[in-house]
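The structure appears below as structure tokens.
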Amino acid sequence: MRPLDDTGAAKRQESGLPLMDIPSPGSRQEPAAAEVVETPRPGGCWQCPSSPCGSRAQQEAEKKAPCPGLGLFYTLLSAFLFSVGSLFVKKVQDIHAVEISAFRCVFQMLIIIPCLIYRKTGFIGPKGQRIYLLLRGVLGSNAMILLYYAYQLTSLADATVISFSCPVFTSIIACIFLKEKYSPWDALFTAFTITGVILIVRPPFLFGSEVAETDKDYSVHVKGALVALAHAVFAAVTLVILRKIGTSVDYMLSIWYYVIFGLIECIIVLSILGEWRLPHCGLDRLFLILIGMFGLGGQMFLAKALQIEKAGPVALMKTMDVVFAFIFQIIFFNDMPSWWTVGGSLCVIASSTGAAIRKWCQSTK
């Protein structure tokens, strides 16, 4: 005759129920509990066996991990798109830079509005960040207008190189308003940038009056260089504001403020100047559309790069803007940069590269 326990087990096995060891009275149950903890359910973890937060979450994270170097590729693509847009701005000479900025804002707005509706971020932003978004929109649009104006006044390479002095001004402004540390390294990078700008501008009081006499467009060149420098200052202030905002605002909403207030500002300025006119050539109209598309694409790829890659490598790869500017200037305008421009470019790039490497090293400590 079978024992009672064996009979019950047999009945449970016949009925399809899982076999379980029934502990005898007085036996300890801690080992069984330990076994339950050590063998979680599929997709669970040892802390919460009933929820799929362990291996499944780890597998999903591995699936979503970006490809190595993808952020740098996005940065390179962004630099190329920005450079091509700058080339089109240089090609369109019969339209004022403010009107070019207005057309860019219009085309970008047509793309940004559906994106904001799809992402459900709204059009106003968080209450505490609206003043910063407003400043970002106004100052960012000023930087855009000044850069386009600089492209029309001076060479593509000179304007691009001078605009790369932005990180130096960013460090100074962040030190003043965000109380960030301004080290001797920052002062050294500032000196390199100033040297590079001086080599590009070549002021007569340092290089002699023959510089201005030999170059009939020297006054226009100086004006364009100063406008590009003003762009660098406005862009630096914009970056400090974006740093102040941080990740509390969707980057699409930040671009929206940049576009809408840029358009309003362009309309006001063009109404005062009386410069409203459509381009006569169909090719110029195509250039205006492409300027908006390439500008938006450059912004979006740069934002995506900063989301998956550290700021240091992105800043280093961003210097490819200067390389593309030199290439486009030689190919499309048959304008070989002078040795002064090359020397100034090396100084500015060395400054930007040094600042990026230093920030990168600080962030990895």
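Glycine is treated like the rest: Cβ placed from N, Cα and C.
Of all ranges given (1-34, 103-136), TrEMBL attaches the label region 'Disordered' to 1-34.
Within its own chain, the transmembrane segment (131-151) has Cβ neighbours under 8 Å at 86, 89-90, 97-98, 100-101, 104-105, 125, 159, 162-163, 224-225, 227-228, 230-231, 234-235, 237-238, 241-242, 244-245, 249, 253-254, 257-262, 265-266, 269, counting only residues six or more beyond its boundaries. Using a Cβ-Cβ cut-off under 8 Å and counting only residues 6 or more beyond its ends in the same chain, the transmembrane segment (185-205) has close neighbours at 158, 161-162, 165, 167-168, 171-172, 175, 211-212, 221-222, 225-226, 229, 340-341, 343-348, 350-352, 354-355, 358. Remote same-chain partners of the transmembrane segment (101-119), defined as residues 6 or more beyond its termini with a Cβ less than 8 Å from a stretch Cβ, comprise 141, 144-145, 148, 250, 252-253, 255-256, 259-260, 262-263, 266-267, 270, 288-289, 291-293, 295-296. Against the transmembrane segment (70-89), stretch 286-303 has more CB pairs under 8 A than any other of 157-178, 225-243, 286-303, 315-333. Comparison of 157-178, 225-243, 286-303 by number of C-beta pairs under 8 angstroms to the transmembrane segment (339-357) places 157-178 first. Outside the transmembrane segment (157-178), and at least 6 residues removed from its termini, the chain residues within Cβ reach (under 8 Å) are 83, 86, 147, 150-151, 186, 189-190, 193, 196-197, 200, 221, 224-225, 228-229, 231-233, 235-237, 239-240, 243-244, 315, 319, 321-322, 325-326, 329, 337, 341, 344-345, 348-349, 351-352, 355-356.
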